[in-house]
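Since the structure comes first, as structure tokens, the remarks are kept for the end.
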């Protein structure tokens with residue numbers, strides 16, 4: 001028991017089961033009693049009556065289960081949960097249980113036993129040792145479970161309860177407000193650079209400073225207002241015999257000029273009539289209209305009159 005690190009003043013719950021020897025159980029209890037001293041306490045409990053004993057929660061610093069040599073009990077999930085409940089936060093559980101090397105319905109493997117301890121709310125699950133079962137424990141196990149395999153071994157594991165109650169809650173201080181970022185420190189400016197970009201009013205009257213007069217940059221020709229002819233490109237409407245044609249992206253005004261000329265030609269060549277209704281058809285024509293009998297036509301459309309009506313009868 002020296003490897004358990006049980007200290008004076010600790011409260012220990014010793015869980016035993018059949019077919020443990022009463023003499024061996026008494027010796028183990030007395031050994032633990034000498035370790036905890038008068039300020040501590042050692043309580044004995046049968047595994048089959050653990051759930052009915054109603055121990056107070058978080059009472060024991062240690063729970064030692066099935067550590068007797070002839071013990072061969074299987075810890076159910078309810079039993080492990082009850083052991084975790086009665087342990088103080090930060091307390092430890094040390095147990096021994098027969099395991100198998102292969103998957104079986106009656107017995108667990110060492111890995112599944114570790115998972116069962118973790119599911120009970122315990123942490124820091126560690127396998128301490130593994131060894132064979134005693135003949136008495138093996139016989140009792142085969143009788144209770146019917147297991148006839150040859151891969152049995154006895155494993156000792158330890159686990160700890162977290163430093164808080166399992167299922168306890170605590171309010172978290174969370175801040176969802178927007179945090180104002182701290183202004184970043186601006187890099188220091190080089191004094192020489194800052195001086196180069198600073199213009200003093202006194203520098204304007206310095207004789208060594210040469211200021212350029214903007215009016216001196218323009219000559220007399222630059223101040224003249226250009227006429228429209230000078231703005232045209234040399235090849236714009238080139239040639240006296242060729243028809244004038246504006247450029248694709250004309251910006252000198254030739255395109256607008258040619259458009260106005262074409263509109264004037266169309267206006268002059270459009271035929272005129274006294275009544276202005278000849279093109280609508282016979283219903284709108286005069287009795288002496290030369291277009292009588294002809295179909296309606298569009299305004300300005302060229303119409304050729306037949307010369308049959310001009311011959312003498």
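Every residue, even glycine, has its Cβ placed from backbone N, Cα and C.
Copied over from Swiss-Prot:
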type: BINDING; residues: 236, 247, 250, 252; note: [2Fe-2S] cluster binding site
type: BINDING; residues: 275, 278, 286, 289; note: [4Fe-4S] cluster binding site
type: REGION; residues: 6-170; note: region 'N-terminal SAM-like domain'
type: REGION; residues: 162-190; note: region 'Disordered'
type: REGION; residues: 171-223; note: region 'Linker'
type: REGION; residues: 236-252; note: region 'Fe-S binding site A'
type: REGION; residues: 275-289; note: region 'Fe-S binding site B'
type: MOTIF; residues: 275-278; note: motif 'Cx2C motif 1'
type: MOTIF; residues: 286-289; note: motif 'Cx2C motif 2'
Check your understanding: Quick one: Cα separation, residue 247 ([2Fe-2S] cluster binding site) versus residue 286 ([4Fe-4S] cluster binding site), in Å?
Key -> 48
Point to revise | Neighbouring C-beta atoms (10 Å sphere around the C-beta of residue 289 ([4Fe-4S] cluster binding site)) | key: 16
Review point. On the 0 to 100 scale, where does the mean pLDDT of the region 'N-terminal SAM-like domain' (6-170) fall?
Key: 90
Review point. Measuring Cα to Cα, how many angstrom lie between residue 252 ([2Fe-2S] cluster binding site) and residue 278 ([4Fe-4S] cluster binding site)?
Key: 42
**Study point:** For residue 278 ([4Fe-4S] cluster binding site): intrachain residues, at least 6 apart, with Cβ closer than 8 Å
**Key:** 284, 285, 289, 291
Review point. Could you tell me the C-alpha distance between residue 250 ([2Fe-2S] cluster binding site) and residue 286 ([4Fe-4S] cluster binding site) in angstrom, no decimals?
Key: 48
**Study point:** Where residue 289 ([4Fe-4S] cluster binding site) sits in the secondary structure, as DSSP reduces it to three classes
**Key:** coil
Practice item. Identify which of the binding-site residues 250, 286 has its Cβ surrounded by the largest number of other Cβ atoms within 10 Å, counting every protein chain shown. Key: 250
Review point. Counting all other Cβ atoms within 10 Å across every protein chain shown, which of the binding-site residues 247, 252 scores highest?
Key: 252
